[in-house]
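*Asks:* Attaching a single structure in structure tokens format; questions to follow.
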Amino acid sequence: MELSSRKPYFIEEEEEENLASSLSEMEAGFSGNNNNSNNHGNPQNGVVSSSRFSYGRLNSLRNSQSYYYNQYSVSSPRSVVSGRFHDFRFDIQQPHFLDSCFLCKKPLGDNRDIYMYRGDTPFCSEECRQEQIERDEAKEKKQNLSHSVKSAMRRKEQSSPTRSRDYAFHNGTVAAA
């Protein structure tokens, strides 16, 4: 099996008509230098009147398209994902979440207890678990405090939108000359 020598090639079957039309345009452009007025529009020669592309050639391209689709989507070491290649060699393998303690990163296992927190966070001891609980509570308090301060400031600004405390106004008569 010579997987390394093959180049990735994939054509979706849905794009068969688009492929045939673009190939016919390419063929017409390629053979555009050979203007044979004898063959143009002659149905006996298998030439389409609007382009220089034969129906027989079009069918052979359709057949070769399914050949490439079937050959490379099955035998390629890569998986076809929504019409694109996905190369599994570059996937980073994440360790299983129960392999190590979330806080101190000590390996778990060897018939030792695993202490869980919030359903999917493993710890090697009750102390590590408790420390994480305290960290999360402190973070939540800080977020709640900042949220309550912000909402209090908004309420304060909304209650007196027309009042301006920063500017000094002088009440009195102004005379202009």
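Just so you know, glycine gets a Cβ as well, placed from its N, Cα and C.
What you see is a predicted model, and the numbers here were worked out from it, not measured in a lab.
Straight out of Swiss-Prot:
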- 22-46: compositional bias 'Low complexity' (COMPBIAS)
- 134-143: compositional bias 'Basic and acidic residues' (COMPBIAS)
- 154-168: compositional bias 'Basic and acidic residues' (COMPBIAS)
- 22-49: region 'Disordered' (REGION)
- 134-177: region 'Disordered' (REGION)
- 96-140: zinc finger (ZN_FING)
*Asks:* Do you know the DSSP helix, strand and coil residue counts for the compositional bias 'Basic and acidic residues' (134-143)?
*Replies:* 10 helix, 0 strand, 0 coil
*Asks:* For the zinc finger (96-140), what's the mean pLDDT in this predicted model?
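*Replies:* Averaged over the zinc finger (96-140), per-residue pLDDT gives 88.
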